[in-house]
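Annotation source TrEMBL lists active site at 177. Summarising the annotation, TrEMBL assigns Zn(2+) binding site to 176, 180, 186. Feature annotation from TrEMBL assigns domain 'Peptidase M12A' to 74-276. Per TrEMBL, signal peptide is recorded for 1-19.
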Ligand SMILES: [Zn+2]
């Protein structure tokens, strides 16, 4: 009997220790998102998904929803296609594409500097220039709303680009959202993506299957870019921590970017906007 009591006490203690270590080690994460600790390979899109699944409703307001996780779409407006040249920002006669912006006064000085640096990531080696708005009719209104998201391309007039603070305050995330504003969708949305990656449909959180749709994209004769800042990570929207996107042929290829634009991302901008030089 004493032995049994001893065993019971021992097992109770052990399960308490186990429960405690579980409680201490487990972080609450949104359903469909598995934290992959210690890998150190979190992509820009992983960060965006984490923020948006925590904070942003897929319905931003009554008529605006998020597509592919972070592209704002308004009902009744050209909702899907911005791959023709219909939504480009206007190019100036001096060869630059000047995009006017306003910045919410809610951002701190440090946050403002970071957003500016994120925009510089786009400007480097391209003809795009972000300029504080003076009189321009079309402009990006940067606001710390819920989540990190942007409309696709130029919509005409004022368009919001949300960079929630502090969650979206990372250079890569900022640059990614401005890429959407320039007119780029996610790399794995390319219509020819099935030649390059396998989408593991059963592994994707069911509510988010639509985030993996393909679109009739303008690929600009550029190769599929596994390392694009616009590529989903390998574990995006994974139900059980298993990959949801697997590169074909070479499983060791890394998907996405952690910090900045890839070389091909810059080529994309220069081709879409027909920039002639990589000048100052
Ligand atoms: Zn995105």
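FYI, residue positions are counted from 1 along the chain as it appears here.
Glycine is no exception: its Cβ is also placed from the backbone N, Cα and C atoms.
Worth saying up front: this structure is predicted, and the values here are computed from it rather than measured.
Calculated from their C-alpha atoms, the gap between residue 186 (Zn(2+) binding site) and residue 177 (active site) amounts to 11 Å. Least packed by the Cβ count within 10 Å, out of the binding-site residues 176, 180, is 180. Excluding 176, 180, 186, which define the Zn(2+) site, the same chain contributes 45, 48, 68, 70, 71, 150, 177, 179, 184, 185, 229, 230 within 8 Å (Cβ to the Cβ centroid), listed in sequence order. In the three-state DSSP assignment, the secondary structure recorded for residue 186 (Zn(2+) binding site) is coil. Other Cβ atoms within 10 Å of the Cβ of residue 186 (Zn(2+) binding site), summed over all protein chains shown, number 28. In the three-state DSSP scheme, residue 176 (Zn(2+) binding site) is classed as helix. Note: the residue listed as 'active site' has non-local neighbours 70, 148, 149, 150, 161, 162, 163, 168, i.e. same-chain residues 6+ apart with C-beta under 8 A of its own C-beta.
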